[in-house]
Every structure is written in C-alpha cells, then in structure tokens.
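A short write-up of the structure that comes next.
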Amino acid sequence: MSAVRTQWASPVCLHFPRFSTRSVKIAVCLKFPATVKTLLLKQSCALTRHSTRLLNPPHSLSMSFSSSRCMGGSYAEIVVVRHGETEWNADGRIQGHLDVELNEAGKQQAALVADRLSKEPKISAVYSSDLKRALVTAETIAAKCGGLEVITDPDLRERNLGELQGLVFREAAKLSPKAHKAFLSHRTDQDIPGGGESLDHLFQRCTSSLQRIGNKHKGERVVVVSHGGVIRSLYKRACPNGKSGGKVLNTSVNIFHLCDKEWTIKSWGDVSHLQQTGYLESGFGGDKTSG
C-alpha cells in the first residue's frame, strides 16, 4: 500500500464557530441549568466528518463547557498528540505493541508539531508511551519546548492486538481469521487471540493514566504523546454518548480539560501545522484499524 498524502487534513471538529489561529483564546467556565448544560455537552460531543479536501488549513478551536468549580485554574489542560507516521502506517500494517520507528515523513511531522507547540502557552511536562514511534515524537516536542525530560508510561501504549500484529490489515482475515473476527467484534470485552487486549482493558489502562496525569498537573498545560487506539478511548471517556471521533491523524492535536473526574474536549483533530508534510490520507492506525 502506498502512502497517499494531501496537503490539508479533513479534521473532525466540534459544532461551534471556527476562529483564526490568531484569535485570542479565553478560557471561560459557565454554569447552566442542568437541561441546558446537557444539551450543550451533547452538541460539543457531536462530531462532523468531512470527506472533502479543505482549501485552507483547518483551525479546530472549539468552545467547551465545564462546571464553575473549574474556575481559578483548577483543571489540567492536556494536549494529546498521536505519534508521527511510520512505514507500517503507510503500508497498512498492524503495529500494536510492536516497536516500529518513525519514517522520514513522521520525523518531519514531529518537528512541525513541536514547532507549533513551542509557540503556544508554556508546557510544564511531556508524557509518552514507551514505544519508539511515540517516544521519538515526544522527545522532539520536549526538546523544542524548553528541553524537558520525557516521562514514559507503558499504560499509554497502543492496544495489544495479539496475532494481528505485524500483518497487513487487508490480509488479516485470511491469515488469522479468529483474531480478525475478534477484532471486528462489537463486544468491548472481547480479547484478541495471541495475548491481545479487549477494548475494555485498553480503555481502563489509558484513561487511568490520563487521570493520574490530570490530577498531578492541575493549573498546568502538559503534552501526552500516544497512539490512535488510545486517543479514541480517551475521546470516548470525554464524550461517552457522542458520535465516533473519526480518524486520529498522525501528530493531530487534541486538547482535553480534566477537572477532577470531569473531562471535556477543548479541540479535536487539529493538524493545521502539517502544511509542509501533509498527512497519510487513510489515517491507518488512527481509525477503526487502530494499532
């Protein structure tokens, strides 16, 4: 499978007005009656998929709503970034826990997202999965954002996909039919043959990791570099009743606000920094083929 890229991504954005990247971002915490708040939260979790190429770079700044107890900087702003592209992403090969390195496009993507984040509000800490594709992306960001030391956490690893790991996805049904069937199962407690994880297990470990980070960094802005399957699980935690978050593109920027155990999404799927490199059009590994 060849790597097909386009200049601009087709991001998933929340249903609120978009603003220029030069706009001033003001954190606002509002308190609404329960019925109004429920409606607004449902709207913030209703995501739109764009199938056409954008003529201008996307600016996925969106409003979020949280309770008044988040006033005074008592929440953590966590910038969750998917790792840069790998050759296996480009080939449509399932990675899971296998340690695949960034390709040249992935290294360029990492440099671009690092440059972008270095120009935004101060980063206090950088966390990462311990797999190379995430760790090298995180190290690139950390070096550009004040020379921070990357803190690794295995709980931020991609989903273990057992026997499917290393297979080209389009050949998996033929080469490992039982594992492929388990992977496509709608049961969230379905393990993958060969030591693979269920979606429930992935959800528990990665959301627990982000919660620990949020508890430790209230009032701060931190970066977490992880994987497509993990980020989709984090989205589900923040928007349990929302539609699918769609493809999680390589080095996309997804901003979460954690106020104790309440999670909200400030922005989603922003790849406006990929002007020079573009992105892998298939979004492989960041969609339903996460791994």
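Cβ atoms are placed via backbone N, Cα and C, with glycine included.
What TrEMBL says about a protein is an automatic prediction, not a curated fact.
Annotation comment: TrEMBL describes His83 as active site, tele-phosphohistidine intermediate.
Around Glu158 (active site, proton donor/acceptor), the same-chain residues at least 6 positions away in sequence with a Cβ under 8 Å from its Cβ are Gln95, Gly96, His97, Ser129, Leu131, Ser226, His227, Gly228, Gly229, Val230, Gly285, Ser290, Gly291. Annotation source TrEMBL lists active site, proton donor/acceptor at Glu158.
Per TrEMBL, the feature substrate binding site maps to Arg82, His83, Gly84, Glu85, Thr86, Glu87, Trp88, Asn89, Arg133. Within the same chain, residues at least six positions away from Trp88 (substrate binding site) with a Cβ under 8 Å of its Cβ are Ile94, Gln95, Val100, Gly285.
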Please give the maximum pairwise Cα distance, in Å and rounded to a whole number, for the substrate-binding set Arg82, His83, Gly84, Glu85, Thr86, Glu87, Trp88, Asn89, Arg133. 15
Taking only the Cα atoms, work out how far His83 (active site, tele-phosphohistidine intermediate) lies from Arg133 (substrate binding site), in Å, as a whole number. 6
